[in-house]
Protein chains: 2
Amino acid sequence: MFAATEKALEAEISRLKLALKTSQGEDKSQDIYVGNYLLARLEELGVTSMFGVPGDFNLGFLDLVEDHPTIDWVGNCNELNASYAADGYARVKHGSVGALLTTSNVILASFGVGELSAMNGMAGAFSEMVPMVHIAGVPSVRQHTTKPMLHHTLGDGRYDAYTKAAEQFTIAQAILTDAYSAGAEIDRVLSDCVVKGRPVYITLPTDLAYAKTPSDRLKVPLIRVPPPNEAETEAFVIDEIVHLVVEAKGDVVVLVDACTIRHDAVDEVHDLLYKTGYPVYCAPMGKTAVDETYERYGGIYVGSISRPEVKEKVESAKLILSIGGLKSDFNSGNFTYSIPISRTVELHSHWTKIRYADYPDIGMKQLIPKLTAKLEGGKARALQIEVPPFVAHIPEEQDDVITHAWFWPSLSKFFRPKDIIVAETGTSSFGILDVPLPKDSIFLAQILWGSIGWTGGSTLGAALAAKDRNMNRTILFIGDGSLQLSVQELSTMLRKGLKPIIFVLNNSGYTIERYLHGKERKYNDIMNWKWTGLLSVLGDLEGNLSKSYTVSTKNELSELLQSKTFAESNVMQLVEVIMPKFDAPRALQVQAELSGKTNKYAL
Amino acid sequence: MFAATEKALEAEISRLKLALKTSQGEDKSQDIYVGNYLLARLEELGVTSMFGVPGDFNLGFLDLVEDHPTIDWVGNCNELNASYAADGYARVKHGSVGALLTTSNVILASFGVGELSAMNGMAGAFSEMVPMVHIAGVPSVRQHTTKPMLHHTLGDGRYDAYTKAAEQFTIAQAILTDAYSAGAEIDRVLSDCVVKGRPVYITLPTDLAYAKTPSDRLKVPLIRVPPPNEAETEAFVIDEIVHLVVEAKGDVVVLVDACTIRHDAVDEVHDLLYKTGYPVYCAPMGKTAVDETYERYGGIYVGSISRPEVKEKVESAKLILSIGGLKSDFNSGNFTYSIPISRTVELHSHWTKIRYADYPDIGMKQLIPKLTAKLEGGKARALQIEVPPFVAHIPEEQDDVITHAWFWPSLSKFFRPKDIIVAETGTSSFGILDVPLPKDSIFLAQILWGSIGWTGGSTLGAALAAKDRNMNRTILFIGDGSLQLSVQELSTMLRKGLKPIIFVLNNSGYTIERYLHGKERKYNDIMNWKWTGLLSVLGDLEGNLSKSYTVSTKNELSELLQSKTFAESNVMQLVEVIMPKFDAPRALQVQAELSGKTNKYAL
């Protein structure tokens, strides 16, 4: 039996056992606190760090967290940064979830405040399919009923305005109100979170955190995979795809995108690729889903923004096997895919599309191994199809100015296997697209949601998850404008003893916006900061937790990148890279031009 | 005729003229851009600063803002801070509104991101009755119809999730879709904003900002006051109140609260107080609504947290005239008012309550002058009622440690008339309650909503509004934990050449929470920052825009407060005040005790 199918069947058994426990009532002899039940399930999901800000309504629960043997309370500078950190954690720690704890931030009977500050982070995780659990400490069940005008409330007796807002950006909500149903409710939303790969929301009243609930359910593992594909439909779908491959005479190109990573199909896709030999390309959000040093990998396909040889190869293939696709503007070169539906097969987390036909509930994780078994015979034919090499081209430039054209490819030799490479939306996420990253590295960027400042928080979560997974370094690229949004979280990285390398691209403002509109406008300027003094102010008071550098020339940067002390430093490092105000990476320049056509800013 | 009534009648005329213009169509000869129409109305409302972050969908409109002769684009470090700044601006600049501009933050067709980050600030303004206009730049009208999967969207074709969320925290929304109705829509929500004193929301599509709309409407002024009170009911209400005053034999106490300030009734209340001689007290959110040096003013009434002599005087009065009351937990000593309804008259912005009877639509601004005229005869009797003096008591302490008991009263001599005094929720807002502030000073705190970090942004807005109003210094008190949430906005203060004095109370963590729960818990600790190095890193690169100090003893602080150079500095100043980790102001200690009883945190 295929492993993925076996897992799906095992999960079905759990599903039935849990349903039975819910309906039959449970053994009361081993009751535990609802708060501890929740922590036990999070531990089961592999959560080792919880992000958030302490506040009136989570203080009691926080005692349980602080006393938990394997879950560490991180404690962020603010809630938005905390939500970004939980997002970054979940992206690196596949199969686990990001855990975020908020409430209001001051004394007594209050709530709403902290939750709302985190909302942008929740919405980003929702749109980019990141599994995240948002636990909101709320007033005691009794206070919910009497509804006094507490601080942090809207003052009009509405206690559900926040929940209504949260419903917009989460796929499941558990509004816990009694200890009896708490376990089943927690299980329901945590399973949804992992299986569907999107944020969920739990409200935990102060009194309920310490109410007793049966621990019996914990003996049945949480459901972590979708139900099995219906066998007959699945067999039909596989036949249809094989038929198209035969018709295409094996001229197949695989295009891998974000949901492959998010829905845990990376191993299945790798197996498909190695056994079939099909040429493979990634969309920007799928970058590093495929080993970028693999000889059959041709780099990033992003519609008309692609390098010309990639565009030609992908668009001329007779059949495109698109896996985990997420066609947003930035992920598709502003919707410039030139691939007709008649030549496309789309494999998704829980549906399949073959040309014009939809097959609901046929998910890729179980489908791909069976498909691979049918297709591996064609490998010899597939290997004849040429794949353009994906290599970094460092241009010869006469002057010593650090341009984007030179900067990004120059970094390629600096990266190492198992590095986590985080790129802020905009200049950085566009700049790094054309740079091949090492085997087993992980690339993080928030390309669809694109909230500036996201990496300032998510790098913290990514670096913590990297430790769990025994990864190498965490390296962040961020512009000066973006870092100003979430800068305080560098302090938390210092406090947690993390050692990320942070490249701050100092180009005096919002460069990505200058390319769009208002090139010389004051509104795109920002205050210039003393970046090299930042880490000492934010907590490295003795100067032994970090090092900071400024590089203004190609030579200075090259020397730094070649220095072993720098590459293998045992402290956090910040590098301010001075770059020209009006320069930008190639891909961004093309994107901005396309964008300008869509968006009329003036007459 | 009474001035307030006259204004209400004039506004009625405007209301009718505008309705007529809407229904008749308008003179097309002098069309202007919708963006400029909006700016003209904001200018009419006295807006001189606009807060926000530039982003894809507001860049075109931002050209119009930057080119506007009297409205300055501030440009914040992030959207939450920007919303706080707009809130602070509105609170200081009575009669005007705070203006906030967001969208997403990167290139092209995108939105939602920036808006959501500002949501906590909007909700705070909603709950605390602050007039604020949130303008969200959104994709062009055409893109709203075709709904491609743009970045910053939820990826599921829903474009209205943000609007739904915004509806929870604004009283009126204008979703602009065509140039024809834009003027009427803008007028409608701006009037609601000013008249009702709460946030409103406008979405401005990129293409619509530059579409032409008739400017004819601008000749009719915006409606800024509520409709006139119905004369017969108003007369009845006044008679009822006078009747109760007579019954009480003139033993009346006036209690002034937040909405007196927010709904622009300060002058009317002052007139009432001076002409009747009634003793007057303020709730915490009403602090400085009444001149705190006024001889008939007895200080802050906050239920059982009040100083004993205040509690006794207020609660023993035969009649309480409560003006602009907002009874939230922190504003009422955790709901411990001991004032029976049978002895209370409540005057509100748009209703009156006499003992148990509600009178809808009878608003205080027009009512108070008429009431004053009826009551001023009783002044001699009222003056016989004793008012306890409201003075600062500096305790004699043997050691040199800066305690809260010593710190707050010691500051009283430092404050000057027309100072703006901003206190962060928690330690600072409780600490300053017992300190009398000078004549014409303005006190700002977010007591009901209580979002920590709020003052980091609102101080920026307050300081800008203070310049417009020709006020004196802006002085902020904030704890180290709170400042970490919104710290980057100090940079914007430097960039705008503002000179606030910022006292950072360094007590190693979230002190207010230690009092509530988890006194020694790690989750209440924070990273210690080099506070005196902060301003130089955040933009004062040459060291000529700011000064920073650390004081650890009573002596050091006293010397600094007495120094003329410090008191009249021409640069921004930051004072780190080292205080004991487990100390807190008296009022906070009492509040925490009350809170502990309400909230069970553990078994």
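Positions of Cβ are set from backbone N, Cα and C atoms, glycine also.
Here TrEMBL flags A:34-145 as domain 'Thiamine pyrophosphate enzyme N-terminal TPP-binding'.
TrEMBL lists A:238-364 with the feature domain 'Thiamine pyrophosphate enzyme central'.
Annotated domain 'Thiamine pyrophosphate enzyme TPP-binding' per TrEMBL: A:443-519, in sequence order. Shown for the domain 'Thiamine pyrophosphate enzyme TPP-binding' (A:443-519): DSSP residue counts in helix, strand and coil, namely 35 helix, 14 strand, 28 coil.
Within its own chain, A:Gly509 (Mg(2+) binding site) has A:Asp480, A:Gly481, A:Asn524, A:Asp525, A:Ile526, A:Lys581 as residues 6 or more apart in sequence whose C-beta sits under 8 angstroms from its own. The Mg(2+) binding site annotation in TrEMBL covers A:Asp480, A:Asn507, A:Gly509.
In this view, A:Asn507 (Mg(2+) binding site) is surrounded by 23 other Cβ atoms within 10 Å of its Cβ, with every protein chain counted.
Each residue in A:Gly479, A:Gly481, A:Leu505, A:Asn506, A:Ser508, A:Tyr510, A:Thr511, A:Ile526, A:Met579, A:Lys581 lies on the same chain as A:Asp480, A:Asn507, A:Gly509 and has a C-beta within 8 Å of the C-beta centroid of that Mg(2+) site, without being one of the site residues. Sorting the domain 'Thiamine pyrophosphate enzyme N-terminal TPP-binding' (A:34-145) by DSSP state (H, G, I as helix; E, B as strand; all else coil) yields 55 helix, 18 strand, 39 coil.
The average per-residue pLDDT of the prediction over the domain 'Thiamine pyrophosphate enzyme TPP-binding' (A:443-519) is 94, rounded to a whole number. Counting residue by residue with DSSP, the domain 'Thiamine pyrophosphate enzyme central' (A:238-364) contains 42 helix, 31 strand, 54 coil. Cβ neighbour count for A:Asp480 (Mg(2+) binding site) (all protein chains, 10 Å cutoff from its Cβ): 23.
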